[in-house]
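Below is one structure; the comments refer to it alone.
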């Protein structure tokens with residue numbers, strides 16, 4: 001006769017993660033549970049922090065090769081959020097926040113060209129990133145008065161390419177308010193049979209330009225969750241700060257610019273510097289959600305919870321471009337870190353962000369099931385259309401630069417404060433500079449990734465993040481550790497050649 005003990009299979013998380021081993025996502029595997037609902041019934045809505053709700057559990061990392069205005073806009077449009085990096089001046093960071101929050105369409109053009117009437121256009125390459133060139137009094141976006149536009153077709157028809165723009169620019173420019181939603185802009189372009197239309201603020205500043213080709217591109221992308229917007233209808237946008245005294249002034253600038261949440265960006269967050277910054281931020285702006293970190297242990301987490309954080313960022317040395325564990329011999333396997341921190345954070349109702357180590361949808365499923373409410377992604381989003389920087393060709397492949405904030409290159413711009421190294425005489429790198437392949441637009445691959453995550457949750461018998469957390473903590477969900485051979489077997493193997501398409 002078979003007893004309940006004979007049916008014991010796998011291990012509960014409490015046992016697996018208390019054996020003295022530090023596990024990465026690839027080290028562990030969940031055993032499937034019972035399915036009684038369709039994939040589309042899975043709900044991924046979640047909390048970023050105590051008071052910030054998202055419909056998609058995805059966060060763009062505050063790295064200078066990942067998140068600026070364009071990424072923040074697209075992530076919010078998808079239902080996630082972008083955290084704009086602080087490896088710049090306070091005014092530059094504030095400007096990026098204002099730019100992102102001024103949009104209502106799901107993308108932001110990063111390279112809109114501006115010239116003055118006295119300029120000339122000597123090369124058609126200026127039209128590569130935009131269907132038109134905007135003409136303002138002083139040739140900059142900060143100039144509120146739009147005098148005219150020049151499109152590529154008009155310029156190509158010129159006999160004298162060196163002619164002053166004022167002699168041929170289109171002066172009576174049709175514009176739309178930047179408050180128009182994407183569907184409204186698309187409908188207007190179709191009705192008027194126009195190739196493009198500029199979007200302007202109430203003060204007349206050019207916010208963006210939408211072309212009929214943009215409309216075709218966006219309509220071809222799959223739908224994701226509900227957009228992340230505040231009560232005022234603006235996209236939710238986050239921003240990072242450090243723990244220096246000057247960051248108190250930066251914080252004020254960011255709040256004035258409209259930042260909805262602040263992430264205190266430190267590689268090791270359990271410090272007197274961060275605790276003091278948390279307390280200062282909560283005292284000055286009690287209604288502002290403040291996320292602390294990074295942490296990987298329960299004691300670290302508890303210290304920041306007691307200081308007043310509204311969310312915790314978990315991860316130390318798990319990112320693809322991070323060398324902290326190698327250089328400093330400090331950190332933790334990300335699966336273990338997420339489980340341990342989430343265990344203590346849940347008791348205080350503090351959401352956890354799993355930061356680092358995300359390479360595929362399976363890693364996202366593991367991070368969320370182990371207790372995280374969201375995943376923060378760097379390399380997963382780097383190389384996308386929305387990531388900062390220009391594409392280059394490397395070995396016949398189209399790539400974008402991706403660098404760790406602990407790399408010496410990033411440190412020269414100010415990120416050394418993140419590693420408490422801004423006052424050190426010698427700079428020690430805790431990251432590298434690399435390149436990642438062109439991934440296309442996040443507006444396309446994030447929805448497909450989320451569909452894969454839903455399928456993972458279905459196999460686990462969890463119809464929501466809360467359901468997954470409950471199943472894990474109750475011991476219903478079981479895990480095992482994978483041997484090296486099991487990891488090989490769980491991936492593509494035994495083929496001479498293959499083509500891998502995720503969607």
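Here the Cβ of each residue, glycine as well, is placed from N, Cα and C on the backbone.
What TrEMBL annotates here:
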DOMAIN    169-228  domain 'CBS'
BINDING   265, 266, 267, 315, 316, 317  NAD(+) binding site
BINDING   317, 319, 322  K(+) binding site
BINDING   320, 355, 356, 357, 378, 379, 402, 403, 404, 405, 406, 430  IMP binding site
ACT_SITE  322  active site, thioimidate intermediate
ACT_SITE  418  active site, proton acceptor
Checklist outcome for this item: Across every protein chain in view, the count of C-beta atoms other than its own within 10 A of the C-beta of residue 378 (IMP binding site) is 27
Next on the checklist: Let's see if you can do this one: DSSP helix, strand and coil counts over the domain 'CBS' (169-228), in that order.
Outcome noted: 19 helix, 14 strand, 27 coil
Next on the checklist: Could you check which of the binding-site residues 315, 317, 322 is the closest Cα neighbour of residue 402 (IMP binding site)?
Outcome noted: 322
Next on the checklist: Counting Cβ atoms within 10 Å of each candidate's own Cβ, which of the binding-site residues 319, 356 comes out highest?
Outcome noted: 356
Next on the checklist: Applying a 10 Å Cβ distance cut-off over all chains shown, what neighbour count does residue 265 (NAD(+) binding site) have?
Outcome noted: 29
Checklist entry - Tell me, what is the mean pLDDT of the domain 'CBS' (169-228)? => result 87
